[in-house]
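Taken from TrEMBL, the feature domain 'FAD/NAD(P)-binding' covers B:5-280. The domain 'NADH-rubredoxin oxidoreductase C-terminal' annotation in TrEMBL covers B:317-384. Taken from TrEMBL, the feature domain 'BFD-like [2Fe-2S]-binding' applies to B:417-465. Sequence annotations record features per position, and here TrEMBL assigns domain 'Nitrite/Sulfite reductase ferredoxin-like' to B:550-611. Feature annotation from TrEMBL assigns domain 'Nitrite/sulphite reductase 4Fe-4S' to B:622-758. The annotation [4Fe-4S] cluster binding site is assigned in TrEMBL to B:C631, B:C637, B:C671, B:C675. Feature annotation from TrEMBL assigns siroheme binding site to B:C675.
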Amino acid sequence: MTAVAENLTWTPVCQYAALEPENGVAALLPDGTQIALFRVADGTAYAVSNLDPFSQAMVLARGIVGDRGGVPMVASPMHKQAFDLRTGQCLDNPETCIPTYPVRVADGMVEVAGR
Amino acid sequence: MTRTLVVVGHGMVGHRLVQALRDRDTAGTWRVVVLAEEPRPAYDRVALSSYVDHWDAGKLALENADHAGDDLVELHLGDPVVAVDRDARTVTTASGLVRGYDALVLATGSRPFVPPVPGHELPGCFTYRTVEDLDDIRAAAEGGGVGVVVGGGLLGLEAANVLRQLGLDTHIVEMAPRLMPLQVDEGGGALLRRLVEDLGPSVHCGVSTKEIAEAPDGLRVVLSDDTELTTGMVVFSAGVRPRDDLARACGLDVGERGGVLVDDACRTCDPNVYAIGEVAAVHGRCYGLVGPGYAMAEVVADQLLGGTATFPGADMSTKLKLLGVDVASFGDAHASTGGALEVVHNDPVSGCYKKLVISDDAGTLLGGILVGDATSYATLRPLVGQALPTDPGALIAPAGSAGTGIGVDALPDEGQVCSCNAVTKGTIKDAIVVGGCTDVAGIKACTKAGTTCGSCVPMLKQLLSSCGVEQSKAICEHFEYSRAELFEIIRATRVRTFSELVEKHGRGRGCDICKPAVASILASLGAGHVLEGEQATLQDTNDRFLANMQRNGTYSVIPRVPGGEITPEKLLVIAEVARDFGLYTKITGAQRIDMFGATVDQLPHIWRRLVDAGFESGHAYGKALRTVKSCVGSTWCRYGVQDSVGLAIELELRYRGLRSPHKIKAAVSGCARECAEARGKDFGVIATEEGWNLYVAGNGGFRPRHADLLVSDVEKETLIRLIDRFLMFYIRTADRLQRTSTWLESLEGGLDHLREVIVDDSLGICAELEEAMSEHVANYSDEWRGVLEDPEKLSRFTSFVNAPGIPDPSISFREERGQKVPVLLPVPTVGQTNEVAEVKQ
Ligand SMILES: Cc1cc2nc3c(=O)[nH]c(=O)nc-3n(C[C@H](O)[C@H](O)[C@H](O)COP(=O)(O)OP(=O)(O)OC[C@H]3O[C@@H](n4cnc5c(N)ncnc54)[C@H](O)[C@@H]3O)c2cc1C
Ligand code: FES
């Protein structure tokens, strides 16, 4: 997740080292947006909206991380729908997609760009 | 114009006729009057012996047997027909009811044959055919002692097994030189006798019963070789005789050896009168199995509706598991066809005898006998009359060696797969390919195959897979193994992390299916705290936060209240915690208190208070033992016979924290009134005057199931030992998210097999199972205390990584009936299609 436009505002969220592999945490952006931040097995960090669109609860950061056919995904802890961490596409319902956010690591700090 | 059909006898076959006719006669051209001697609607006589497992006649009920709601069926129970007037076309019952008929069907079945031995009518002598017979036998077996079964055929061995289950020291007396003389040959008989005697009963072959006389403490049975047996009861199971008395009395022709003589259309010499089932002698031959009876019922239904169906003759194959011994006999088992050849495989060491009878050119299978291991019956029987797919020796080679396992593919479409219901391979394939059946239950519903004796079910499974219905046991895309196999891999290789497991035995990175399953297996195998290191990332959210996630993303908290017993002081603690944290409270169905609406960051604070007051995790969030519910028991209740609360607490403390494929619920009732509803639980205990009865594999919820009686009147130590074994065996072998009820139903051999494994230790694993449980008991520690004592685990309980201490601002509540309830976010709803949540079982 490096090729991003210059005019984004980056918010430092936490130390990269604080992210456990294959796990997620929630973070609050300055505008009140809640994001779910994940570190997957190969070390890549992804950020998506924390809102599960099916249950309307802010819970995606608490889902199980893994892969479906090689696609990195998180499964909603509410009713198990899976979302592609790269694109936000729901893998169980083609009509549903959740917002994703650019992520970078600078000086050991994970930064997320809001929208 | 509506005509009237009178059916005499509501046994299995009479019922099948009524059902078939009512299914097909959509125009309602026939009204049906059923006159039945027995006090209950038709039931599954084939499964009669299973009645001793539950003593619940309701479980033997046949589908729709009371014809409730069908205005065209009139059913009179407990009122036998005593006379038929063929000129007036009327029948008269014992109560004086008279009914006219346009067509009459005699479906009166058979009566057990009681040899005219002196003393055969003494009290203590029974037959074995009806629910009432078994009730009588049960009552007489109350005090234990000895039981003698006269007859070593199929039914005799079933009866002997029942006596053995009732705790009697059992003797079997058979006139022929071997057991099951009709089905097996000398070689098979010798092995069968050995296997039966290994299980306890004494076998007396080649002798008859000379005399039965009253003795001071029961009955004295004298055999023809002058052996004397002192016994509490004698059960006659020496064959059956058709109940053709009504037919004789009204002048119908009967067969030479009895039975109402009928033609291919099941019609008697009077064109308005038919006979079907065991009472019918088709061209003089009677059939003592339900399959041919069903076929006759279908023929008559067709004839009544103007069809021309005829009875094609029937296959007298049988397979049964008696006293835990497999016996199967099919086709021309005794090689009576001219020039027939026999191929025999006799292995006294492993205890199996197999014989195939083949045509003189060795090209066609004619029949066979299997004793000790009848697994190949399902594939061999339908091959009778067909070209042999391979060398006959290979067909009966010991399991595991090359060349075995000829599959369903070898069978032509017209081959019968289910002989009980005469369903061919072609019909089943149609049901799968055209009808879209995707599992055995679907095939059963659609074709009736597999619904009677069940021996064809393995074939149904094979057919599903050969038709391309994916029956993969793979738990998910990351592992090719079933949960039970994964369990064994982890146990044997002592792999203790998911990463290592998926690297060595799987592919990819895992998902929300395999990760929690492996986490649960690791926990069952005692791999430490469920939130230790990598394990935390494998857990479903409930296990990750040791609380139950609710619809708005908050959690509910349930402390353990063993057996539902709680002091006022502890109630106060719960009340104060709920008040101080603003939690909604509700009493659960499992006798404890649930507190709702806690945010992630509140959980440790709530639990600090609870743990300090002596509470522990109630595991309401886990696939684990939930509670052991209890009634009040003998301490207070004036009906109670045992201390159910004390036992429930002991059991709950013993099994608390035990992780399993699905949740486990339990209960203990202090008397037969069963106030704790123990028979709706995974394991349930009910007090008796002498000890405890243990029931297993019950379920409430989505698919209710009454638990089955595993053992009765055992003392506490035995009870606990058996529960230890039961739970560990379930944990090892069940599928992911499979409750004990569905597990038992899918277990090959069902309750009998379970009993063999965990009561009789047939697999020799009981010591291991008990050892595993004692390790669990020794290593238990409270999960919440473990979190509170570890800063690293505690650190995960924050709503936001960049704003510790700030609760999720999206969560809000409103008030209802004086308590708070969640308000959902005002976001437009997305389609609820493709919900992938698992159905709650
Ligand atoms: C313990 C046991 C195990 C068995 N196991 C197997 C097995 O594994 N496989 C298999 O294929 N078969 C088995 N059988 C045999 C099978 O149960 C019978 O073949 C089948 O029940 C026959 O059905 P039916 O309707 O002809 O007779 P029944 O089921 O005997 O029904 C006849 C009914 O007619 C009633 N009746 C009789 N006279 C009158 C009258 N005058 N008026 C009104 N009603 C009357 C009787 O009370 C009875 O209810 C078993 C039987 C028993 C007892
Ligand atoms: S063969 Fe008995 S149910 Fe199918």
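Glycine residues also receive a Cβ, built from the backbone N, Cα and C atoms like all the rest.
All protein chains included, B:C671 ([4Fe-4S] cluster binding site) registers 19 other Cβ atoms within 10 Å of its own Cβ.
Residue environment of B:C631 ([4Fe-4S] cluster binding site) contains 27 other Cβ atoms, counted within 10 Å of its Cβ in all protein chains. Within 8 A of the CB centroid of the [4Fe-4S] cluster site residues B:C631, B:C637, B:C671, B:C675, the other residues of that chain are B:V632, B:G633, B:Y639, B:G640, B:S644, B:S669, B:G670, B:R673, B:E674, B:A676. When Cβ distances are compared across the two stretches, the domain 'Nitrite/Sulfite reductase ferredoxin-like' (B:550-611) makes contact with the domain 'Nitrite/sulphite reductase 4Fe-4S' (B:622-758), since 3 or more pairs at least 6 residues apart fall below 8 angstroms. With a cut-off of 8 Å between CB atoms and residues at least 6 apart in sequence, the same chain places B:C631, B:V632, B:S669 near B:C675 ([4Fe-4S] cluster binding site), listed in sequence order. For B:C637 ([4Fe-4S] cluster binding site), the same-chain residues that are 6 or more apart in sequence and have a Cβ closer than 8 Å to its Cβ are B:C631, B:G670, B:C671. Summarised by DSSP class, the composition of the domain 'Nitrite/Sulfite reductase ferredoxin-like' (B:550-611) is 26 helix, 14 strand, 22 coil. In the domain 'BFD-like [2Fe-2S]-binding' (B:417-465), the DSSP tally of helix, strand and coil residues is 26 helix, 4 strand, 19 coil.
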